[in-house]
Amino acid sequence: MAGASRLLFLWLGCFCVSLAQGERPKPPFPELRKAVPGDRTAGGGPDSELQPQDKVSEHMLRLYDRYSTVQAARTPGSLEGGSQPWRPRLLREGNTVRSFRAAAAETLERKGLYIFNLTSLTKSENILSATLYFCIGELGNISLSCPVSGGCSHHAQRKHIQIDLSAWTLKFSRNQSQLLGHLSVDMAKSHRDIMSWLSKDITQLLRKAKENEEFLIGFNITSKGRQLPKRRLPFPEPYILVYANDAAISEPESVVSSLQGHRNFPTGTVPKWDSHIRAALSIERRKKRSTGVLLPLQNNELPGAEYQYKKDEVWEERKPYKTLQAQAPEKSKNKKKQRKGPHRKSQTLQFDEQTLKKARRKQWIEPRNCARRYLKVDFADIGWSEWIISPKSFDAYYCSGACQFPMPKSLKPSNHATIQSIVRAVGVVPGIPEPCCVPEKMSSLSILFFDENKNVVLKVYPNMTVESCACR
């Protein structure tokens, strides 16, 4: 007991000496220190394996996962009782989040100027908010001159640290730069022991730049009379997140115009992602279709025998479906009857009896009335998997079936559909078709993808998944 007290007294003495010398006492068992996101020295966890340049990708992935989790947690009853589709309020009442990576401009007159290319912002996207994220390293390595001769505590010094941000608009055609505004950030507000990430709202600056059609923005990060820590390790580059509301996202073919417009997307040059995202990219798993042939998806025509695909490039390499092969027919006594038919090759596949029974059973089980049917869309099948990060596929569903008279209440027919079905059943007016089975309620889908400048974008597209069907 006396020995333990002596050891405790000795440890307290060393602790006081270290405080007198202005040193921070090192915690015992440093290997048990909790890992902090962005800390490359702490072990464990996928965050410790991320490269500094992947910080923006990690941020966008967390935002996508958060939205997708809330979207998946919706209940079927959440759509009832209202005409507006269910939509979580996570994107600040917007439907678009764009990320922009910075590029250090060492060749310009102002060294340390980080340039952002904002040309991906469209005219239809109204900026709701914008934030600049930047890293300044460890606060403990910042050299400060204390005004008091007696010495200052570490926390007292930290209160005087302030970062200045100078925003510039750049015009490389004229080799000119114009001051856009000044901002300041207090480092103590966002302190982290390992890597200090700071953020600053730049909404007004970007709105002003977009209004003047100035999409090349530069930020110069400095400190007031104090020296920022030297970069012992490469710091993550600054990045900008822009929350916007795209007014044209509900327009016809908005998904095709924004996602299919990446036909010249440079494959193999996407930014690095960690292991659980690389599988979502799968850039090399699909061969490009022939550019000289219009597919049925592009010309809006039904596929037929006149559409000739390159067998070696598409179907043999991809093989999304199991090949159906005709089995050898059993010997029968009706060979003479079979020979009497025309001697041309039949274009109908010959199935065995077991396959036909399964097809009939499946047809009997499926309702003939208007109902929601299952449809899974894989982005690899339509050639979009190279730039869409997540999801790889989604359940779209579709509506199909008859709306015959009398229509049950479960089909939720409109008054016009009810009258139309009666007129068709009576037959007074010839040529009247029956009402159509169409989607009644639909939900949105969030898609994470690369834009033409290889920036990560999150968009929430409305009316992507059928929730219920009705006769109209």
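Just so you know, glycine gets a Cβ as well, placed from its N, Cα and C.
For 27-37, the entry in Swiss-Prot reads compositional bias 'Basic and acidic residues'. Under the heading region 'Disordered', Swiss-Prot lists 27-53, 320-350. Residues or ranges marked as N-linked glycosylation site by Swiss-Prot on the basis of sequence analysis: Asn117, Asn141, Asn175, Asn220, Asn463. The compositional bias 'Basic residues' annotation in Swiss-Prot covers 333-346.
Sequence features, as recorded in Swiss-Prot, placed on the structure.
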| residue | record | Cβ neighbours (10 Å) |
| --- | --- | --- |
| Asn117 | N-linked glycosylation site | 15 |
| Asn220 | N-linked glycosylation site | 15 |
| Asn463 | N-linked glycosylation site | 15 |
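A separation of roughly 42 Å, to the nearest angstrom, links the Cα atoms of Asn463 (N-linked glycosylation site) and Asn220 (N-linked glycosylation site). On the backbone, the CA of Asn220 (N-linked glycosylation site) and the CA of Asn117 (N-linked glycosylation site) stand 15 Å apart.
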